[in-house]
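Colleague: Starting off with a structure, shown below.
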Amino acid sequence: MLHFNCLCFLARQHRQLPAKFCITYHLYAILKNASLNMDRDRAHKAKKRKISRPSGEDELASPSQPSLVDLVASIKKNTHATQTQTAPSKPGKSSSGSDGDVKKRRKPSPEETDGEEERDGTDAEPTVAAPTAEGEAEEAEKSFKELGIIDQLCETLEALKFHKPTPIQQESIPLALAGKDLIGLAETGSGKTAAFALPILQALYHSPHSTLFACVLAPTRELAFQIGEQTEALGGSLGVKTCVIVGGMDMMPQAIALSKRPHIIVATPGRLLDHLENTKGFSLRSLKYLVMDEADRLLDLDFGPIIEKILKVLPTTQRHTYLFSATMTDKVERLQRMSLTNPVRVAVSSKYQTVKSLLQYFILMPQKDKDVYLVYLVAERYAGKTMIIFTRTIMDAQRISILLRLLGCMAIPLHGQLSQTGRLGALNKFKAGSRNILVATDVAARGLDIPTVDLVVNYDIAGDSKTYIHRVGRTARAGRSGVCVNLVTQYDIEEFTRIEKALGKQLDSLDVDKGGVSLLAESVGEAQRQAIKEVKEWQEKKKEKGVGRKMRTGKGGKRDDMDKEEV
């Protein structure tokens, strides 16, 4: 029993026993072999002593007991022997072959399990991963010309200061030029627009007389206009004509523009379907390229049924399809199965994450002091910086923009209750620098590429990690640095903790001059009262004009307003 207890202790502390056999059987087997070996050794030594000692001396000597050192040495020796002898044993049986000694299955490690899940999830299409750390420097040296882009486009890229391709461009452009359908997964601000626009423009260069050649679907009007501008800039040297078709604007001028048969159409799904169903002479039967940008957002806004209808009137053969998204959800998986043929998945980033050049902070404060801390950030800590302040509701976006203007800051709102002209005007003023503060709801959180944004302030914490990722993606774009500050009250701690968990890290607290904050309290309080009064007047005017937020629905329940916002 003493030997058995010693064996159990040694097995627990030093893990000398083979893990793939039943421990009870092997403890017994090892103990038995160890005892037999030691008995043999003792008998052999006794025999030697008997020869060398005088007669009768050995009877007086007490039998020697094995020491712990001897026992350990013997256990190691016998363990190795047992492992060698029983290595070929069959699954479900012990080393002796007995049916009663069942072998325990080894539990797979988390790393192995994760690997299996990833393989299972990507069996549908080949995957091209991002460059590894070892090859990153080499990959970074690639030029657009080395990726296969023609000289005319390379010259345009150089003029636009696109000196080197981003990771998503490096991985996807050669595959697109080879005629593959693509699923592009990349973090926001990674250069996805050029990744799909350049292969399309190069194909147009080789087919200059083709019209209605490509169609790009975008989830929001602002993103559609932005893609249109970038496509025109990239294809300027080739004489490419682009037409932007979005809701909230008169259909007649759009129908006239479509009748001129542009090379590329950039559209929101609802308005494109309107024209396909109602505009005489317009069809996309000769379409060669279809792009669905921000696909996860397209499906979040319930455009799935509309996209299905669009796909039914598009050619199914000789059409290349690119699907780009920041995240891969179940809905996006279904969309790719519906629209792509043998796609290659280009995964630069498949998880929720932020770019390394983004510094993220939080400030913990009482709810009643939230506006004071915001004004401190805007007017003191980051005065003069270009920034976007995100709110959860339209009313807060309107109120805060008025509050900041009353305090001398150059702020402008962007939300779903503005007309399309008003929204474009706000964006143009912000891009031009005549306003350095944009106060926005999540209508502006996706896809907008404004390179000069230095700071993102989450006045209201994002409802989920995906929204957070896309909000903060408005800064630190294309390798630039940026800052994000989250205003966290006692009511936001749970949501904020969930976001930190999704990011896989804890954010740092921003050092704040509380004395400076308290000095602003009085002036902010006065401005708050005035801002609330002006918001009420603004609401009354909208009610009188009957210009409240509308959602125009047409045939089949088409949604023409791309903004899901809570008033």
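Placement of Cβ uses the backbone N, Cα and C atoms for every residue, glycine included.
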Colleague: Which stretch, out of 142-170, 258-286, 461-489, 490-518, is listed as motif 'Q motif' by TrEMBL?
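Modeller: In TrEMBL, residues 142-170 carry the label motif 'Q motif'.
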Colleague: Counting only residues 6 or more past its boundaries, what in the same chain has a CB within less than 8 Å of a CB in the compositional bias 'Basic and acidic residues' (538-547)?
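Modeller: Answer is 398, 417, 419.
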Colleague: In the motif 'Q motif' (142-170), how many residues does DSSP put in helix, strand and coil?
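Modeller: Its residues fall into 13 helix, 0 strand, 16 coil.
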Colleague: I'm checking region-level scores; what's the whole-number mean pLDDT for the domain 'DEAD-box RNA helicase Q' (142-170)?
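Modeller: Mean pLDDT across the domain 'DEAD-box RNA helicase Q' (142-170) comes out at 93.
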Colleague: Residue counts in helix (H, G, I), strand (E, B) and coil for the compositional bias 'Basic and acidic residues' (538-547), per DSSP?
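Modeller: Across the compositional bias 'Basic and acidic residues' (538-547), the residues distribute as 8 helix, 0 strand, 2 coil.
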